[in-house]
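For reference, the structure is listed below as structure tokens.
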Amino acid sequence: MPVQAAQWTEFLSCPICYNEFDENVHKPISLGCSHTVCKTCLNKLHRKACPFDQTAINTDIDVLPVNFALLQLVGAQVPDHQSIKLSNLGENKHYEVAKKCVEDLALYLKPLSGGKGVASLNQSALSRPMQRKLVTLVNCQLVEEEGRVRAMRAARSLGERTVTELILQHQNPQQLSANLWAAVRARGCQFLGPAMQEEALKLVLLALEDGSALSRKVLVLFVVQRLEPRFPQASKTSIGHVVQLLYRASCFKVTKRDEDSSLMQLKEEFRSYEALRREHDAQIVHIAMEAGLRISPEQWSSLLYGDLAHKSHMQSIIDKLQSPESFAKSVQELTIVLQRTGDPANLNRLRPHLELLANIDPNPDAVSPTWEQLENAMVAVKTVVHGLVDFIQNYSRKGHETPQPQPNSKYKTSMCRDLRQQGGCPRGTNCTFAHSQEELEKYRLRNKKMSATVRTFPLLNKVGVNSTVTTTAGNVISVIGSTETTGKIVASTNGISNTESSVSQLIPRGTDSAVRTLETVKKVGKVGTNAQNAGPSAESVSENKIGSPPKTPVSNAAATSAGPSNFGTELNSLPPKSSPFLTRVPVYPQHSESIQYFQDPRTQIPFEVPQYPQTGYYPPPPTVPAGVTPCVPRFVRSSNVPESSLPPASMPYADHYSTFSPRDRMNSSPYQPPPPQQYGPVPPVPSGMYAPVYDSRRIWRPAMYQRDDIIRSNSLPPMDVMHSSVYQTSLRERYNSLDGYYSVACQPPNDPRTTVPLPREPCGHLKTSCEEQLRRKPDQWTQYHTQKTPVSSTLPVATQSPTPPSPLFSVDFRSDFSESVSGAKFEEDHLSHYSPWSCGTIGSCINAIDSEPKDVIANSNAVLMDLDSGDVKRRVHLFEAQRRTKEEDPIIPFSDGPIISKWGAISRSSRTGYHTTDPVQATASQGSATKPISVSDYVPYVNAVDSRWSSYGNDATSSAHYIERDRFIVTDLSGHRKHSSTGDLLSIELQQAKSNSLLLQREANALAMQQKWNSLDEGRHLTLNLLSKEIELRNGENDYTEDTVDTKPDRDIELELSALDTDEPDGQSEQIEEILDIQLGISSQNDQLLNGTAVENGHPAQQHQKDPGKPKRQSLGEDHVILEEQKPILPVTSCFSQPRPMSISSASCLPITTSVSVGNLILKTHVMSEDKNDFLKPIANGKMVNS
């Protein structure tokens, strides 16, 4: 059995006895086959043959000279004259010169021969391939003929490698890989990367290793199908190029077929992965050589395998591919390179020596060289190697460049094992392990510094940014982008907000802390720059005695939580005064998986603001104290979808109403019907939760768009949400995939992202919450309430009443509708407000309001109170959206912002703007021009009353969930714009009145709700008939129908969606009649300030006469709605009640059909006091004027 040969790096020890060579006992003696053993082991051989390859030893063992080239590396002294005698003196002379050259070259191996465990200070200047070839040369026995042949071949190989090294020194490594893959692609082949290429080759082997013959198409499809789960980017084209690479390498045996594709069978010698991979690699190396590229084995290993462990493998491939002509070609290439660079190191002097080495025959059976040829070859190789070392040390731009470690890399952070165990490292300077303790500590320290300097959040610790920090009770400071203290609020138990502390309790919302923080700072900075529009002082909001929900939850890094109403009070969200931040900062880095916290406005805030330490991380979620109901996130966003993934810009909206019959649709819609919903239903969400923005099964998430003048907050206004019992099961599950952030109710589920269906109650059990809902409507639109009037930002809203939250409605304001906290204007074509109380088929949600284009205000939910008596009068909901003229519309259809159409702001994702149970098609094509739409345009789509209006909860398509909540009052406000400047007076009066009437309001609300339900079904028919009679009498007396022909016929009807919540005592009924008299009488005077005429596109409508035989009541009660002419039949329900025995129930009454016109609903507001000159009127721009 031949002995296993040692590794080439262990050339300083005997491969048989493993003893290190020395000059006494274990003298190194090289054999003709280039194996070197110690003299002791050589004398013990039984036969004169090499123990490794069984080559015969022709010369006497005692005559073979000692290899002093190796002895000098272990510290032995080389004698000047060696006692060796050849046939003649000339041979001895040539031998001495050649031996001296080899011994000189061996000195370059000195770093590999340091003492055991001791690192050598002088690192080798030669690369690892050069060192390996030099070891081969040093081990040659020049005395024997076989040894001289091997020495000549080793000299040639060393010279060829020298040329390659010199070319590599002049080559740009950045362009190397690009040039290589360009050459590979030019031949119809492709390399897919180390991991993917390896997997593809293994799959090809799996398909063909049994000798089966497949067509190229079938083979490619098989590989692609198996690759797709791990590599989704795999395609038939790319895999076909990989197969073509193997085809070029002659790995297949091809069988041609007539009029059919050829069959490919893997050759037997390539039916193992190692053989197939070697041939594959050899083909790529061959392509590189054809392209004239010089690539080192290290680079090959890195390119093809992604590591440095395959250098020897690649070197052997390179060596095998070398042809006798390749050396000469390399010399020519080097000459051209030197001409281009100017040759500062005078490398042209090496050209004769290189040409001499190139002329050596590399064949193993070549003729034995003469002694003179041996001497010349050794001198030539010594010269060129010296020239290479000199160039690397003195002229190379890459010479001894220290590799730059990446953060957290393992580069030189542990000691070299070869150095410890063998006493020397063959890798030299290229070793990725440390060779000394100083080097080890140096790189470990550098690694720590690089890790510490990685910035996770670029805006921390700058002016105006307050980071989050944990306090003792789990409270977290909000990220506020203001340069000054914006205001300090303390929530007290009596509902008063003081300015003492600015710490707010935060709750987690989704993930991506750094992304969310940067986004929040950006939005708050934008809000801060617009804060001057809100009033003289941004801190004026904190003067409110009534806690109001934040105007814009996410913009102030504070999202209201739908928590228990008895847990603390609501807090004011203060708009920052100013902000120094630019809003053009990129908002969305690619990934981060932390948690961002947002304010919970219902929690006590007793702590001062500490500063945030400079770390890049956020504290854990705040702990919930014992005995307190925990608040779940109000706005939940899934984190398993990449933020930057966008749907196609032209992606059609999903149709959530595909199950309805065609008669329920607006069949004359100018838009194409959307395709069917492509995602299945999502499991039901918890009670009060909005349908999610996207399904977590989708592969993209709707992105937030950035504009110059408006920051889209992608959040909903803080509002109370609808109980799950209102929805029927099928409808609820159908709408769970609608777009928009969804709210989570007070009940904390196990996981904020998991949907927990709650028990559904029958509709008849909702009666205790109807009055509460009507009382809390103002709270839900506070975010869109204050825009231009300085005092309007401080308008009060009704505080939370002790009754439970109302489950009566849910409004989905899409993320397209966003406003800043104070003063940010709409800068896009303004969308219509979708009202939850609308009738599904009429679409009072489709209103488009024509008003002053730039005077944009959205006031809502003003609590109107009597200045004298303190009794609560009414709440008038003024929903208004402004529409710019078409020439002022800056919207580009395919810009990065949302598309604005007559249906509102249309985002780039599949969304439905509002929750309704009727099939209203509210989609728009991108880029469609914004066109005003009047309600009368849609009158033909209102069908006659059918079975859908017959009962409250039997039909799944019934809109009674919404239409029974309130009446809609529509007023022609064409002449009101000129009086909009007087709205400030009323706002001031409202602010002064709120403190006197707060307690009375709560008491009246509580009393009204107790008495309301006693008259569940009484008098609803009588009230409606009485209402019609009273209206006709008022209209006949005042003749105000003749005063309203001043509007243009083509003018849009401006719709004011208003709901009157009437909770007044019995003594107010006579005053209400007086109020109507005042309003109807003055309407024809003050410049038509309140035109009571029913108008359809600017023309007065004919009045509809009711049957005079119906019973009549003595007062209007609280139904202040004028129901007038209607061409089609429109269902209207009586929704207002009064705490009297004959009042009307709002939650349990059946729908009542009457003849009204959708365009002719007139809003009659009531007087604030007994004075006839002091009453409120809705104005076109959303302000309220005190006449």
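All residue numbers here begin at 1 and follow the chain in the order shown.
Cβ from N, Cα, C; glycine included.
Cross-referencing 482-526, 527-571, 887-931, 1022-1066 with Swiss-Prot places the feature region 'Disordered' at 527-571. Of the listed segments 14-54, 260-300, 301-341, Swiss-Prot assigns zinc finger to 14-54. Which of 410-438, 642-670, 787-815, 1077-1105 counts as zinc finger depends on Swiss-Prot, and there it is 410-438. Considering only the binding-site residues Cys33, His35, Cys50, Asp53, Cys14 (Zn(2+) 1 binding site) has His35 as its nearest partner by CA-CA distance. Those same-chain residues not listed among Cys14, Cys17, Cys38 yet with C-beta within 8 angstroms of the centroid of the Zn(2+) 1 site C-beta atoms are Ser13, Pro15, Ile16, Tyr18, Asn19, Phe21, His26, Val37, Thr40, Cys41. Non-local neighbourhood of Cys17 (Zn(2+) 1 binding site): His26, Cys38, Thr40, Cys41, each in the same chain, at least six residues away, with C-beta under 8 Å from its C-beta. Assigned with DSSP, the residues of the region 'HEPN-N' (91-170) fall into helix, strand and coil as follows: 59 helix, 0 strand, 21 coil. Residue density at Asp53 (Zn(2+) 2 binding site): 13 other Cβ atoms are found within 10 A of its Cβ, drawing on all protein chains shown.
Remark: secondary structure over the zinc finger (410-438) totals 11 helix, 2 strand, 16 coil, with classes taken from DSSP.
Classification of Cys17 (Zn(2+) 1 binding site) by DSSP places it in coil, neither helical nor stranded. Note: the region 'HEPN-C' (326-396) comprises 52 helix, 0 strand, 19 coil (DSSP; helix = H, G, I, strand = E, B). Spatially close to Cys50 (Zn(2+) 2 binding site) yet at least six residues away along the chain are Leu31, Cys33, His35, Ala56, Ile57, judged by Cβ distances under 8 angstroms. Other residues of the chain with a Cβ within 8 Å of the Cβ centroid of Cys33, His35, Cys50, Asp53, the Zn(2+) 2 site, are Leu31, Gly32, Ser34, Pro51, Phe52, Gln54, Thr55. Counted within 10 Å of its Cβ, the other Cβ atoms near His35 (Zn(2+) 2 binding site) come to 20, all protein chains included.
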